[in-house]
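As structure tokens, the structure follows; a few thoughts come after it.
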């Protein structure tokens with residue numbers, strides 16, 4: 001009798017053996033229902049053989065086969081098996097992570113009926129101006145008159161579900177559903193007639209990529225902000241779709257805006273599916289299946305869209321490839337950009353890594369001739385480079401973190417009917433609450449950090465574990481009522497600007513104001529309509545947005561980034577500064593960037609201001625080579641947590657001894673630690689770590705694999721929670 005080796009979503013690096021009864025033929029990649037303990041679980045068959053390490057009499061039979069064919073495409077299946085091995089993560093967790101939730105639950109791998117909105121006869125006949133007091137409803141009805149709107153598309157539009165429900169209540173709109181039908185877009189696809197004319201650099205890039213479209217090639221599209229990288233993507237996709245093949249476009253989490261989606265949909269008369277957090281489980285499964293059966297021509301999505309199966313994938317695009325959100329920081333800690341390159345190589349298709357500020361790892365791969373670089377050095381259209389200025393804050397009288405010179409420049413730009421962005425990467429009202437009389441500071445009891453004051457919500461919140469408590473009326477230490485906020489956050493800045501600019505509309509765009517579904521889209525639409533003149537934001541505003549009327553951008557507080565213990569902090573700041581600066585002067589208007597600092601002479605600032613990101617990157621790569629840091633070496637981080645601050649360091653010391661005693665270890669293996677993590681306490685648990693470094697990635701992988709096989713022999717292994725992070729980007 002055959003034996004199915006089944007992966008289950010449990011934190012164990014192994015498969016489980018089950019007998020395959022006659023009449024239940026399954027293949028690798030099919031889902032099965034199996035007994036596990038006292039219950040039944042959904043599992044995925046990894047392989048089928050005639051043998052088991054256990055006696056066949058002890059094996060339980062598979063209860064049910066849920067699929068006759070694998071739910072994964074062969075390309076995704078190969079990638080996941082490789083990734084589980086490379087990242088040393090349990091195979092069951094990896095496989096289930098890659099599936100839509102409904103498939104994890106054992107639901108059929110077929111699309112459910114799809115719901116859509118349409119305008120009723122009454123809605124078609126109504127004078128639309130009668131809704132002018134309800135602009136969202138007016139927008140929604142105008143859109144419905146153009147044709148039906150699928151329910152999953154609502155999150156991508158400028159109006160929301162509430163507006164549609166209001167129209168339904170008035171008898172102007174209604175919901176209906178229909179069974180999904182497979183549509184072959186290839187029979188009607190035509191090259192778009194109207195499109196922007198490419199400049200010489202753009203045309204060269206498109207031609208180079210197209211010439212290698214029949215094989216694997218990795219391209220770094222390094223274009224300054226506003227140079228027209230998206231137009232290159234669109235032209236490449238045009239060639240791919242004309243061949244009847246599909247495309248995957250990946251964007252950072254906060255880069256998936258309605259403007260981005262609309263640009264792709266308006267360009268092509270072919271189905272564009274979007275995978276984002278606004279989809280419910282059935283809608284996500286439907287989009288996933290459309291890609292798998294070839295009905296979707298283009299899929300746009302964030303990190304997890306990498307696991308989408310395609311019938312005939314022709315190209316992968318990674319926009320803003322340097323963005324840290326491509327690295328998963330919980331559970332299975334994979335890097336989507338790196339896995340995407342592996343997938344492109346496996347499928348023998350081109351991959352484009354686009355950025356104005358490429359990651360140092362990517363530039364290193366260009367040096368090693370693994371990737372080829374295409375440069376875009378000219379801003380598209382009539383856009384001119386922004387003027388850059390540094391304001392020395394020493395001795396200045398600041399108002400809410402703003403120098404008098406900056407306030408004056410803001411007034412001048414606003415008087416010219418332009419928009420201003422103030423960038424402060426610190427949400428909340430203030431990063432701490434202090435007692436002026438005794439020095440007490442509100443601290444999170446579960447983390448090694450201070451509470452952030454959120455005045456609008458009337459609470460203190462920990463930005464690490466998300467715990468919160470009411471704002472105290474008096475100091476719990478001395479009883480004083482003289483409690484004062486310390487430091488500046490976006491909420492306080494918004495409050496302080498209102499009396500300075502009483503007639504100027506102000507918008508704050510951060511995680512607090514955009515947590516509601518569809519809120520970010522509404523804020524961005526308001527900005528494009530000119531409804532907001534001063535924009536206050538965190539890094540959400542730095543990522544690829546096109547604001548044609550923004551002419552002044554200021555970074556208010558950069559000093560913290562200049563003096564960090566993390567060796568990657570300089571790279572992150574250089575990328576952030578360059579990206580934020582690129583928001584100014586994008587539509588023919590002269591832009592200006594003002595940077596406030598107490599250290600204008602800092603070498604990093606001098607390099608960025610007067611030589612640019614490319615010069616910084618060359619310098620940073622040279623420094624890392626001298627110090628033997630990634631990308632010149634490889635890192636693996638192992639972190640352990642406990643509740644009493646005792647077992648974790650002991651476990652890691654035992655693990656260190658095991659590593660150094662490994663017959664695979666050599667004198668090039670460097671082990672740092674055990675040391676406390678940069679944030680030693682999170683969520684009530686104490687965190688310690690060791691860092692492994694080796695110049696050979698392959699040798700380090702062998703050392704880690706051999707050690708993990710023995711890890712459960714350590715006395716403290718079952719007393720701690722430990723995780724392993726290959727190629728970590730955070731300490």
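Any Cβ shown, glycine's included, is placed from N, Cα and C.
Marked as domain 'Helicase ATP-binding' by TrEMBL: 210-376. Taken from TrEMBL, the feature Zn(2+) 1 binding site covers 435, 438, 475, 478. What TrEMBL lists as Zn(2+) 2 binding site is 444, 447, 462, 465. As annotated by TrEMBL, domain 'Helicase C-terminal' applies to 470-637.
TrEMBL feature annotations superimposed on the structure.
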residue	record	Cβ neighbours (10 Å)
435	Zn(2+) 1 binding site	21
438	Zn(2+) 1 binding site	12
444	Zn(2+) 2 binding site	24
447	Zn(2+) 2 binding site	21
462	Zn(2+) 2 binding site	21
465	Zn(2+) 2 binding site	17
475	Zn(2+) 1 binding site	20
478	Zn(2+) 1 binding site	12
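Across all of the domain 'Helicase ATP-binding' (210-376), the predicted model scores a mean pLDDT of 93. Looking at residue 438 (Zn(2+) 1 binding site) and residue 462 (Zn(2+) 2 binding site), their Cα atoms lie 22 Å from each other. The CA atom of residue 447 (Zn(2+) 2 binding site) is located 20 Å away from the CA atom of residue 475 (Zn(2+) 1 binding site). Put simply, of the binding-site residues 444, 462, 465, the one whose Cα is nearest the Cα of residue 478 (Zn(2+) 1 binding site) is 444. Sitting within 8 Å of the Cβ centre of 435, 438, 475, 478, and not among those site residues for Zn(2+) 1, are the Cβ atoms of 436, 437, 439, 440, 476, 477, 479, 480, 482. Reported as a whole number, the C-alpha separation between residue 444 (Zn(2+) 2 binding site) and residue 475 (Zn(2+) 1 binding site) equals 15 Å. Cα spacing between residue 475 (Zn(2+) 1 binding site) and residue 465 (Zn(2+) 2 binding site): 23 Å, rounded to the nearest whole number.
One way to see the shell of the Zn(2+) 2 site is to take the Cβ centroid of 444, 447, 462, 465; the remaining same-chain residues with a Cβ within 8 Å of it are 445, 446, 449, 451, 463, 464, 466, 467, 682, 683.
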